[in-house]
Every structure is written in structure tokens, then in C-alpha cells.
Amino acid sequence: MINAIILVFIGGALGALGREFLMLGVPDPSDGFPMPIFVANVVASFLLGLITGLHQRRAVTDDVNTLVGTGVMGGLSTFSSFVYGAVVVMGASATGMTVALAYLAASLLIGYAAVWTGYRLGLRGAA
Amino acid sequence: MRPLDVMWVGLGGGAGSLLRWQIGRLVGERYHGGFPLGTFLINVSGAFVIGYLSVLFSVDWRDRFGAPLNAGVLTGVLGGYTTFSSMQLDALKLSNAQRATTAIAYLAGSVVAGLLAAAGGAGLARWQG
């Protein structure tokens with residue numbers, strides 16, 4: 001088995017870079033909804049579900065699961081920017097509270113649907 | 001964004017992910033209850049630190065480029081340390097184990113505690129002036 005420390009470090013670095021590029025490439029809507037973080041979190045949830053399902057039926061090795069699941073998806077998704085962004089958006093404008101609550105609710109619901117769908121696909125082997 | 005920022009984000013993301021993995025293991029060795037305590041503690045502590053440091057560094061939370069500290073620490077380390085996807089996977093596992101109520105309480109509790117921690121960190125930095 002490859003040293004897990006190296007796998008987690010390299011995966012986390014790649015994931016964080018992917019999030020950085022999403023922050024640069026995904027446009028922010030005018031109402032302040034933090035779209036880049038939302039996209040990073042939903043995509044990472046789907047892919048983490050997928051790799052977990054694949055790993056559970058032994059379609060990927062432990063090393064791949066550590067590299068991609070623990071490393072890349074942990075690095076791509078973020079909770080700190082998720083909640084801090086919501087706090088900033090809340091106080092930013094008159095409609096900020098509504099936008100922040102919609103952001104929190106959409107992230108939780110769509111993120112959960114994403115991890116659920118990814119996991120099912122991974123278990124079935126349809127992906 | 002400059003190439004150096006990319007390097008800092010990568011290094012920070014790798015270091016933050018390692019920290020998350022280590023703390024997750026330490027908590028897992030000591031706590032054997034049914035609540036995803038490791039990810040919860042990691043996420044709430046990371047939310048506090050990002051609120052604190054963002055105000056301390058006076059950075060707009062969307063525009064973190066230009067300084068290694070911003071790119072490396074806020075986007076890199078804290079982004080790699082905290083995780084949204086593992087939180088959702090924890091919730092899915094609870095739900096699959098017929099513990100949907102715990103799953104909902106975990107998600108809601110993480111978000112409420114995370115919001116309070118982020119606001120509290122920002123408030124502490126402002127209070128310190």
C-alpha cells in the first residue's frame with residue numbers, strides 16, 4: 001500500500017486547486033449567491049458518493065479511495081467558506097438574509113441528493 | 001491570480017487535508033458513539049478560524065488572491081481541512097442505517113454551529129481591533 005500520507009496530501013492539493021479554478025471560472029450571480037462554492041460542494045458530494053459506492057463493491061482499491069475520496073473530494077469541497085460566505089452574504093444587502101438562507105438550504109438539499117445519487121450509481125456499477 | 005498563488009493553494013490544500021485526516025483518526029480512536037463527531041468538530045473549528053482570519057487579514061471572502069497568506073491559508077489550508085462532501089456522506093450513512101433523525105440533526109447542527117462559529121470568529125477579530 002502506498003503511504004496514505006502522500007495520497008491524502010496530493011489529493012487534497014489537487015482538490016483545493018480545482019476549487020480555486022472554480023472560484024475563478026464560475027461567475028457570481030448579481031444577488032450575491034456564492035455560486036462557485038456551491039458548485040464545488042455539490043460536485044464533490046456527487047463524486048464522493050460515487051467513489052464510496054465503487055469502493056464498497058471493491059471496484060476501486062483502498063489507495064484510490066484514500067486519494068480521491070479523502071484527498072481530492074475533501075480538498076474540493078469546503079465547509080469553512082460555505083458557512084463564512086453565508087454569514088457575509090447575510091449582512092451584505094437588504095435581500096442578503098433571503099439569499100443566504102436559500103444558499104444554505106439549496107447546498108444541503110442538492111448536496112444530499114448529489115451524494116445519494118453518486119452512491120447509488122457507484123454501487124450499481126452503472127457509472 | 002499568479003502561478004505562485006496556485007502553488008500556495010495546492011500546498012495549503014494538501015496540508016489542510018492531512019490535518020483533517022489525522023484529527024479524524026484521533027477522534028475516531030477516542031469516540032465510538034453514533035454521531036459523526038470528527039467531521040463536526042473539524043468543520044466547526046475551521047469555520048471559526050476562517051471568520052477570525054478573514055477579518056484579521058481584512059480580505060473580501062471572494063477575492064483572496066495576491067497574498068500567500070490568503071491563498072495558502074484561507075483557500076488552501078482551511079478549504080482542505082474542512083469538508084462539505086464528507087458531511088453529506090456522513091448524513092447518507094446515518095440515513096442508510098435507519099437513523100434519518102440523527103442525519104437531519106447532524107446537518108442542521110453542523111450548519112447552525114458553523115454559522116455561529118464563523119460569525120464568532122469574525123466578531124472576535126473585530127473586537128480585538
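The backbone N, Cα and C atoms fix where each Cβ goes, glycine too.
Some features that TrEMBL has for this protein:
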- B:35-59: transmembrane segment (TRANSMEM)
- B:65-84: transmembrane segment (TRANSMEM)
- B:Gly79, B:Thr82: Na(+) binding site (BINDING)
- B:104-125: transmembrane segment (TRANSMEM)
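Fewest Cβ neighbours within 10 Å among the binding-site residues B:Gly79, B:Thr82: that distinction goes to B:Thr82.
In the three-state DSSP assignment, the secondary structure recorded for B:Thr82 (Na(+) binding site) is coil.
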